[in-house]
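Asker: The structure's right below; bear with me while I get my questions together.
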């Protein structure tokens, strides 16, 4: 089992601070738009925030209910009330910090210790708690942060005027997207016993691949929205239907109840609009190739539509800059994707002789450790 270190603990504290700051920035930006009479922008930002909060609270409470099945009902009622007031994530941070502090600062576990060993049990609780938090952050990223980033870029393109709070919102959105994607992949690999750990170069390559491909796609959607809001909405709905249909065909088993499973598939459909999401832990070479080939064709198609539909806009320097950024980030993102999977994916970059934790791990296991709700889930 991979260890929860002091570095993981401090990153967890930093993540909680960023989460609180992000909430403050959202309400600050919404209030600024409201004061300027831009009520529609303000309402949209609050709607994104509210929707993502409701869905993350529902998943968080459902996971607590599954994990604490058969325990004190009074405890669950208290947790339900906390989630009702949209503060469930802070309970999860409290548990993660509690377990993380114990294993990072107070206990040391021997390498050969069994899963039943108390120190290893707390180690697993700490890693599982962080994995749950990062999964919820992924939901928040694509239900709130990414749509807000798209909205802010569209507003800048539409009106041409910029203010400090808009750049602050865009900066926080980019930070939220890149950190949540990378942190989740790291914690997920820690929580699954047969997965190699992310090394520094792997993390860096993965972050750049995700950040650049998402940036290119958001700029593309912003361009098509600038051209026609109706076409943009139709495109996004069509992409969500495709993503949702794919999750149905994959027969995911992430949740215990059918209702929660369909909610999960709905959320994954939204995630798939913006980034590739491996939901079954299988080899994804064909799927990921089709996914980014489609994104490339649509992106180039949007730029060609501008050339023939709105030739007057092409002469504007704003369009030139955005077009260059869109193509450049797409090309670089795909290059980093290829380099990551060819040379830096943990299964390649982290060989058994370089990763001694793996030698005595899965290869010698006869009874695999139960991995809970994440046993059928992987994001790559």
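Cβ atoms here come from the backbone N, Cα and C positions, even for glycine.
A TrEMBL annotation is a machine prediction, not a hand-curated record.
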Asker: Looking at 188-205, 260-277, which stretch does TrEMBL describe as transmembrane segment?
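Answerer: From TrEMBL, the annotated transmembrane segment range turns out to be 260-277.
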Asker: What parts of the chain pack near the transmembrane segment (231-248), using Cβ distances under 8 Å and only residues at least 6 beyond its ends?
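Answerer: Same-chain residues near the transmembrane segment (231-248) but 6 or more away: 221, 224-225, 265-266, 268-273, 279, 298.
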Asker: Are the transmembrane segment (289-309) and the transmembrane segment (207-225) close enough to be called in contact, which here means at least 3 C-beta pairs under 8 A that are separated by 6 or more residues?
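Answerer: Contact criterion met.
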